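Chemist: One structure is given below, represented as structure tokens, and several questions about it will come after.
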Amino acid sequence: MAPATAASGGSWVESYTGMSSDNIKGLVLALSSSFFIGASFIIKKKGLKKAGASGVRAGAGGYSYLYEPLWWAGMIAMVVGEVANFAAYAFAPAILVTPLGALSIIISAVLAHIILRERLHIFGIVGCILCVVGSTTIVLHAPQEREIESVTEVWDLATEPAFLLYATTVLVAAFMLIFHFVPQYGQTHIMVYIGVCSLVGSLSVMSVKALGIALKLTFSGMNQLIYSQTWVFMIIVIACIITQMNYLNKALDTFNTAVVSPIYYVMFTSLTILASVIMFKDWDRQDPTQIVTEMGGFVTILSGTFLLHKTKDMADGKFYKHGLDQIISFVYRQQRLAASKNMPTRMAISLKALLSGLRNCFCCQDMLQQHLIIHFTRAELDELAFFLHGKL
């Protein structure tokens, strides 16, 4: 009698929400993941600031944060979030789980406003609202999770001609970027590193989902560890994640985070949705109206994400904007700025390279401003503006 009651309860939930019980589990796990990951950034930053007050800052090469309990609390929160995200793919389609990663940005922005006293601009609030609206739209129109009884079924889906063509294309493009474009253009073109991360990342999500399904079935009593396909998916996951993290770290180390994050989110999420549609045939179980609505929700999330990142420095950005104007004015007036012995070495080298091709490469002030924003962090621009203050 109990199973019948449980079944009727599950069907009531499905009829009321329009979502299967598996989709609801995946949704809850994805939301939990966003909360823990978003909160982890703030907790870790709080720990880094506390550790830096009594020791050498991490940015200066110090490791005093390893002795700070608050930083470890942030790391634990991040691990919990990543585990929840991994589990979410076992229950819900990637087209539902992946776009919800944008909610971690909202959590991080709101908590930074409350805890770190980093003001959130009005347009940033609008960006948060757009992300919530877009996420809600996708949740309400997401396809039902495909019923899979064995990891061999996932393997059959992964070895169909359409997905093999996609995977081959991705691998060829990734290898071309790594061996041809990275050595020549990696340090100057942001799309090179992010392209590798996004292409390989789409394959890693498909493998993570396959591995998650295998583990879910194993825990439910149907052992999937006896199949070689499970271990192949695990190897693919490890290889893809290592590659993905390597080139993402290169992108973050070379370019401004405020530029890297939204571009990476757009490319990674778009390619993941495409891979999921090809491999798991998510859209085969939906009508055109649902598909168009989902894409509308996704575009809304993208708009909110870009708006949130674009305005993150506007709340207290008068000096920031004034600093950029100072730098631009100074660069256009001076020819031998990099010769100054008082300027930090990295800035001197970067500005010397910038000056050498300035007249040919930058035909307008907006292009130069964008170049400065990409290649210098907020702190470096403020420091440089302060350095130039007495020279204008």
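All positions are counted from 1 along the displayed chain.
Just so you know, glycine gets a Cβ as well, placed from its N, Cα and C.
Under the heading transmembrane segment, TrEMBL lists 24-43, 64-84, 90-115, 122-143, 163-183, 190-214, 226-247, 259-279, 291-308.
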Chemist: Who are the long-range neighbours of the transmembrane segment (190-214) in its own chain, taking Cβ under 8 Å and residues 6 or more past its ends?
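Modeler: Long-range Cβ neighbours of the transmembrane segment (190-214): 86-87, 89-90, 94, 98, 148, 151, 154-155, 158, 167, 170-171, 173-174, 177-178, 181-182, 224-225, 227, 229-230, 233-234, 236-237, 240-241, 243-244, 247-248, 250-251, 254-255, 259-260, 263-264, 267-268, 270-272, 274-276, 279-280, 374.
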Chemist: Taking residues 6+ outside the transmembrane segment (122-143), which of them lie with a CB under 8 Å of any CB in it?
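Modeler: Residues packing against the transmembrane segment (122-143) from afar: 18-19, 23, 27, 92-93, 95-96, 99-100, 102-103, 105-106, 109-110, 282-283, 285-286, 290, 293-294, 296-312, 314-315.
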Chemist: How about long-range neighbours of the transmembrane segment (64-84): same chain, 6 or more residues beyond its ends, C-beta under 8 Å?
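Modeler: Here the qualifying positions are 29-30, 32-48, 50-52, 54-56, 58, 104.
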